[in-house]
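Colleague: Quick paste of what Swiss-Prot says about this protein:
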BINDING   G8, R9, S10, G11, S12, G13, K14, S15  ATP binding site
BINDING   D60, A61, R62, N63  GTP binding site
Amino acid sequence: MRMIIVSGRSGSGKSTALDVLEDNGFYCVDNLPAGLLPELAERALINTELAEPLLAVSIDARNLPSHLTRFPQMLDEVRSRNIQCDVLYLDADEATLLKRFSETRRRHPLSTADRSLAEAIRDETTLLGPIIDLADLKINTTHLNLYQLRDALKLRLLNKPEPGTAFLIESFGFKRGMPVDADLVFDVRCLPNPYWKPELRDHSGLEQPVIDYLSAQADVEEMFQDIFSYLNKWLPRFAASNRSYVTIAIGCTGGHHRSVYLTERLGQVLQQSLKNVQVRHRDLS
């Protein structure tokens with residue numbers, strides 16, 4: 001049986017996450033009281049109609065504070081039943097959450113006459129602290145639109161073929177912000193930039209003209225070898241420490257050329273020695 005617990009601050013994309021999981025065969029329960037988590041898991045296990053139970057539940061700040069405080073004990077109880085249980089935590093920066101609430105005109109679950117929206121958003125982080133501390137996967141949705149979020153959820157949650165650490169190697173452009181949910185970040189802006197070659201500007205690091213140009217640069221090859229040596233040594237240590245998810249981000253200026261090229265190469269070589277290696281290009285349209 002597989003269970004995914006979805007949590008996060010209001011406006012971060014929890015409803016979208018449940019929609020994606022439901023579309024892919026999960027039985028979803030929104031706003032489950034944390035105290036009922038072990039009972040729900042037990043009932044799903046004994047339900048003979050479910051050959052391979054897939055269960056997703058949303059637990060967030062609408063819970064009683066006392067239930068959230070007991071979340072670590074509830075999670076231990078679920079996992080003691082040999083259930084593969086992942087905790088997904090979604091978040092976005094405060095300005096983005098404020099903007100989303102302003103656009104939808106929805107009421108924040110913690111807002112009151114004496115508590116502003118900004119205060120409610122900040123208080124939510126404190127309430128969800130026990131879940132944040134135990135999250136296996138954190139996704140920051142600040143720079144993601146609806147379709148990008150759906151794709152990210154499918155890649156990280158549904159393309160994980162077996163238990164163990166899932167490694168995501170992600171290219172990005174610094175001009176759109178650094179991915180705050182990355183565990184390791186490599187800055188490759190010091191490398192020769194194909195953008196300044198007019199004949200290469202409209203190509204990406206996935207296309208042969210850019211590949212040929214970058215593969216001929218000694219600095220690029222040296223950077224690749226250094227990053228690969230580091231990851232090849234230390235990623236198995238992450239896996240040995242029972243981490244469920246590790247994100248490695250490779251950044252250049254725009255996220256179209258250098259970071260894409262290196263991310264593709266690293267993904268190809270690391271897939272030969274590690275299981276569950278995924279590649280994503282955040283800023284390629």
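Even glycines carry a Cβ here, placed using N, Cα and C.
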Colleague: Out of S10, S12, S15, N63, which of the binding-site residues has the smallest number of neighbouring Cβ atoms within 10 Å?
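Modeller: S15, out of the binding-site residues S10, S12, S15, N63, has the fewest neighbouring Cβ atoms within 10 Å.
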Colleague: Could you measure between R9 (ATP binding site) and D60 (GTP binding site) for me? Cα positions, answer in whole angstrom.
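Modeller: Computed Cα spacing between R9 (ATP binding site) and D60 (GTP binding site) is 7 Å.
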Colleague: What is the separation, in Å, between the Cα atoms of D60 (GTP binding site) and S10 (ATP binding site)?
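Modeller: Spelling it out, the Cα of D60 (GTP binding site) and the Cα of S10 (ATP binding site) are 8 Å apart.
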Colleague: Look up S15 (ATP binding site) in the DSSP assignment and report helix, strand or coil.
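Modeller: In three-state terms, S15 (ATP binding site) counts as helix.
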Colleague: What is the total of other Cβ atoms whose distance to the Cβ of R62 (GTP binding site) is within 10 Å?
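Modeller: Looking across every protein chain shown, the total is 15.
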Colleague: Note down the number of other Cβ atoms within 10 Å of the Cβ of D60 (GTP binding site), including every protein chain shown.
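Modeller: Other Cβ atoms found within 10 Å: 23.
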Colleague: Calculate the distance in Å between the alpha carbons (Cα) of G11 (ATP binding site) and N63 (GTP binding site), and round it to a whole number.
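Modeller: One finds 16 Å between the Cα atoms of these residues.
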Colleague: Going by Cα-Cα distance, pick out whichever of the binding-site residues A61, R62, N63 is nearest to G8 (ATP binding site).
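Modeller: Among A61, R62, N63, A61.
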Colleague: Around the ATP site recorded as G8, R9, S10, G11, S12, G13, K14, S15, what other same-chain residues have a C-beta within 8 angstroms of the site's C-beta center?
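Modeller: Residues close to the ATP site, other than G8, R9, S10, G11, S12, G13, K14, S15: D60, L90, D91, A92, L97, T141.
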Colleague: From the centroid of the CB atoms of D60, A61, R62, N63, the recorded GTP site, which same-chain residues not already listed sit within 8 A by their CB, in sequence order?
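Modeller: Close Cβ neighbours, site residues excluded: N31, I59, L68, P109, L127, L128.
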Colleague: How many other Cβ atoms sit within 10 Å of the Cβ of G13 (ATP binding site)?
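Modeller: Its Cβ has 25 other Cβ atoms within 10 Å.
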Colleague: Take the C-alpha atoms of S12 (ATP binding site) and A61 (GTP binding site) and report the distance between them in angstrom, rounded.
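Modeller: Cα-Cα distance, S12 (ATP binding site) to A61 (GTP binding site): 13 Å.
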Colleague: Rank the binding-site residues R9, K14 by how many other Cβ atoms lie within 10 Å of each Cβ and give me the one with the fewest.
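Modeller: Each of the binding-site residues R9, K14 was scored by Cβ atoms within 10 Å; lowest is K14.
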Colleague: Compare the C-alpha of A61 (GTP binding site) with the C-alpha of each of the binding-site residues S10, G13, K14, S15, and give the closest one.
Modeller: S10
